[in-house]
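According to Swiss-Prot, the protein has these features:
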type: DOMAIN; residues: 153-357; note: domain 'ATP-grasp'
type: BINDING; residues: 180-235; note: ATP binding site
type: BINDING; residues: Asp312, Glu324; note: Mg(2+) 1 binding site
type: BINDING; residues: Glu324, Asn326; note: Mg(2+) 2 binding site
Amino acid sequence: MTAAEKLTVAVVYGGQSTEHSVSCISAGAIIDNLDPERFTVVPVGITNGGAWVPGATDTAQLRASGRELPTVADHGEHIQPMLGAAGEATEFRFVTGDRAGDVFATADVIFPVLHGANGEDGTIQGLFDLLGARYVGNGVLASAAGMDKEFTKKIAREAGIPTGPEVVLHGRTELTDHERELLGLPVFVKPARGGSSIGISKVDSWRDLPAAIEEAASHDPKVIIEAMITGPEVECGVLEREDGTLVASSPAMLEGTDAGEEGFYGFDAKYLDDTVSATIPAPLDEETTRRVQQLAIETYRALGCTGLARVDFFVTDAGPVLNEINTMPGFTPISMYPQMFLADGVSYADLLTTLVSGARRH
């Protein structure tokens, strides 16, 4: 493939989110694994303050070092995306300094590796839609619905997908007696629109509930309280090929999710330590494996997803129960989404090629 035939991919990462650093780590892995014979990569960072800046030129800057997590630095040169002159590609132009107005880069495809608020919730997808940009992944509606645990469950139930009981709080700090009876103990208290297990608490006693609600509400004014579902946690990736066909990965079973200090599959276990391991493919019987894969695809379709998703379940004695969906799953070197497809013989580079090749205007 000649240089003229290669696609230029803008990998956008960071963002105004509690998952800023996770996004940076994901972006570094993606940049390292995009096929250089097919793609020219342009890193674009978004700082915690919301400034768009030229991204890291060395992906070593996007890796965790012990417990020190990477962030997007602001060196004063700001850029912004805009519709390209030809109406096809997306331009990133300087808006500050001596080069204000000059083109920093022109991208054929945008890969928004953004997790959490202002990136995975439909907001940046709306911006790219207004620009007419081709981008990897889900559009506005699927991103917004998938980010909100309340609406994910409502849509899933309407589609006949099993879910556990939950109560949603808007400003309240207590549950009614009926709600406590419905949920039982323990419960998990979560920001309704958050990810990477940030702001989540496991509550074993009702006296600890107000503090857990306060913690979750510090991340999102809408709080969801979910009953504990008994059974192993499994994850399943969904990948949309360029021709529109959907592929469900071999599921992964997580082990040791209750071994850490948090008592559940929390942020540290996901990104900073080795208390949790995964078995891929999950040690499930053939019927349960097929059911997990079927429900993953059904959830993907119910939310109107495009490109990719990771769908998480608990496997109970009665069958799989939906936990949540991630419309832009982690792409760190240890993230489950690429690992599940790798176990099926799809390399990280081939996975990224499929995603970029299938990028579309929504």
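Each Cβ is built from the backbone N, Cα and C atoms, and glycine gets one as well.
Because the structure is a prediction, the values reported are computed rather than measured.
This view paints the features noted in Swiss-Prot onto the structure.
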{"residue": "Arg180", "record": "ATP binding site", "DSSP class": "helix"}
{"residue": "Val187", "record": "ATP binding site", "DSSP class": "strand"}
{"residue": "Gly194", "record": "ATP binding site", "DSSP class": "coil"}
{"residue": "Asp208", "record": "ATP binding site", "DSSP class": "helix"}
{"residue": "Glu215", "record": "ATP binding site", "DSSP class": "helix"}
{"residue": "Lys222", "record": "ATP binding site", "DSSP class": "strand"}
{"residue": "Ile229", "record": "ATP binding site", "DSSP class": "coil"}
{"residue": "Asp312", "record": "Mg(2+) 1 binding site", "DSSP class": "strand"}
{"residue": "Glu324", "record": "Mg(2+) 1 binding site", "DSSP class": "strand"}
Looking only at Cβ atoms, how many others are within 10 Å of the one on Val187 (ATP binding site)?
25
Nearest-integer angstrom distance between the alpha carbons (Cα) of Val187 (ATP binding site) and Asn326 (Mg(2+) 2 binding site):
21
Of the binding-site residues Asp312, Glu324, Asn326, which one has its Cα closest to the Cα of Lys222 (ATP binding site)?
Glu324
Near Asp312 (Mg(2+) 1 binding site), meaning Cα within 10 Å, which of Arg180, Gly194, Asp208, Glu215, Ile229, Asn326 (binding-site residues)?
Asn326
Cα distance, Glu324 (Mg(2+) 1 binding site) to Ser201 (ATP binding site), nearest Å?
16
Distance between Gly194 (ATP binding site) and Asn326 (Mg(2+) 2 binding site) at the Cα atoms, whole Å?
10
If you skip the near sequence neighbours and keep only those at least six away, which residues in the chain come within under 8 angstroms of Ile229 (ATP binding site), Cβ to Cβ?
Gly164, Phe314, Thr316, Val321, Asn323
